[in-house]
Amino acid sequence: MTVLDTVTISTCGLAALIREAPDTTLVVDCRGFTEYNESHVRHSMNAFFSKLIRRRLFENKLDDNCLIHQLMSCSSGCTKMDEKLDLVLYAEEDKPRGNKRRIASCNAPESTAKIMRVLRERLEDTDKFRSVMVLEGGFKQFAQQYPQLCESSEGMTRLPQSLSQPCLSQPTGDGITLITPNIYLGSQIDSLDETMLDALDISVVINLSMTCPKSVCIKEDKNFMRIPVNDSYQEKLSPYFPMAYEFLEKCRRAGKKCLIHCLAGISRSPTLAISYIMRYMKMGSDDAYRYVKERRPSISPNFNFMGQLLEYENVLIKDHVLDYNQASRPHRHMDYYGPSDLCPPKVPKSASSNCVFPGSTHDESSPSSPSVSEGSAASEPETSSSAASSSSTASAPPSMPSTSEQGTSSGTVNVNGKRNMTMDLGLPHRPKALGLPSRIGTSVAELPSPSTELSRLSFNGPEAIAPSTPILNFTNPCFNSPIIPVASSSREVILTLPTPAASSSSSTSSEPSFDFSSFESSSSSSIVVENPFFASTEVPAGSSSISTPSGSQSTPASASSSAASRCRMKGFFKVFSKKAPASTSTPASSTPGTSRAARPECLRSSGIIISAPVLAITEEEDAESPESGFNEPEVGEEDDDSVSICSTSSLEIPCHQ
């Protein structure tokens, strides 16, 4: 607001007028409607909150009689209207402003200064008011120094500063309350009541606020102590507890009485009084709170201060001022009680973890075990428990163990299905996984790879005297190739057939069953590995050896049936062979020879070791019928394709026995 050339009044002078001459003092609040309802000076009025009235006032449309009537009609504290009154105008805090601007609205900050200037000019000319004064510092400074002389309108109160009370800024009607013979609790209004302080012989005051003024009856600074804290959830009041306790103890030894107060006497000052009771009367935080609550029911410290009282209780226990049994919550002190006393472990409810926890393998008397010791268990009631245990032991049959025996024998749970308190639950015995079967891991060396699989191969052929030795196979596992004997002097294609051990030579007319997995011959001088679709083997035409899968029997074939023993090929490729010269030598008497494997054009770069094509056998009529799709080559004729295939590079694997 702008500085006016008129009489000003201080905050102390206005407080004196309100107390001493409220009937002849008219206080006008020139602020807005919202600010007035939040807080204003006691018995003040807000007559010009309407925009219409303000506009008419600025335009000089209100005469003096209407203006005075407007003020008198809104006044509630001034009762002596016939006498001359003292008029006090106030607004917000006085702030210097620059160039004046045009007032945009009546609620702008400049409107309050303009209202005060217009009212002063209009009311000075009347003889109704003895003086027109302006409050120095505005309402903010007055509210800081004299909060007890400020009030709020109903329905527009401030938000509470504590969750435990609707509004802590409003003083209660408890007055000054006696807590101990030398300690009183009160509010800011009580600290300014000199008559009451003199009647109670109170000469020492502790003020827990930052704005409340010092009591006028306290002349010496040694009898006054200020603790600058606010009633909020961030303030720390506990650091002042020891200093306040020493100050109160000094007053008690001197025989003086002390008043502890804050703004309303609800949160801050009761917290300090509770801390003193805790140390002086050796009570826990809960007991001290009830002690003060019984004498002053309006107290309600906020949650921040209540938590600091619990922390102060722990400090007193560590300093051996309070005993563990006197604490409000004894289980919070970990130094005195073991972990098993505070929170016993629970038995898992999951079916997969019923047997996860192992039994206790440590001694129960071990200092590292968190189980309940005999000394701590002795502090609990033992009469009923011992009587119950003795009766249960006596009533139990001899075959059944007692409760204590069952609890001792079981390392996991007791008879009630709960986890045994005596088991050791150290970190090494905690379950690391569920009770599932473990899978054996495979090392890196055991993982299959081309290098490891190739190292397992052996290039040594099977021996003739050990037919049960596993046969080496270099072909694709989808095409199991047999190993058959060959002879260099024969060009006839003969297929050895496995037959059962009990079969005879007379059963050659039946259709044979082929098994390409185990073909072997004792008279073979060379081992040939071939693909069954591209295998053409040279064997003596005079005889052949048919081996059973077990290798126990062989059936020789006659030399005269060499032409009939030729196998007709069935499948996808033709068979090209040369007529073998007549020979009477047996495979046993033939000289060792080699067999050549022709590599077809489509498999020359695949790296598969093959021999001449050997296909499945077809029936005689299928080979001779025109519907078979091919004609049998004449004996003695040589196909050009066969020559070209046989002339290709081959691979020989000799085997020396």
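Glycine too: its Cβ is placed from the backbone N, Cα and C atoms.
According to Swiss-Prot, the feature region 'Disordered' maps to residues 539-563, out of the candidate ranges 439-463, 539-563. Neighbours of Cys262 (active site, phosphocysteine intermediate), defined as other CB atoms within 10 A of its CB across all chains, total 27.
Broken down by DSSP into helix, strand and coil, the domain 'Tyrosine-protein phosphatase' (175-318) contains 71 helix, 19 strand, 54 coil.
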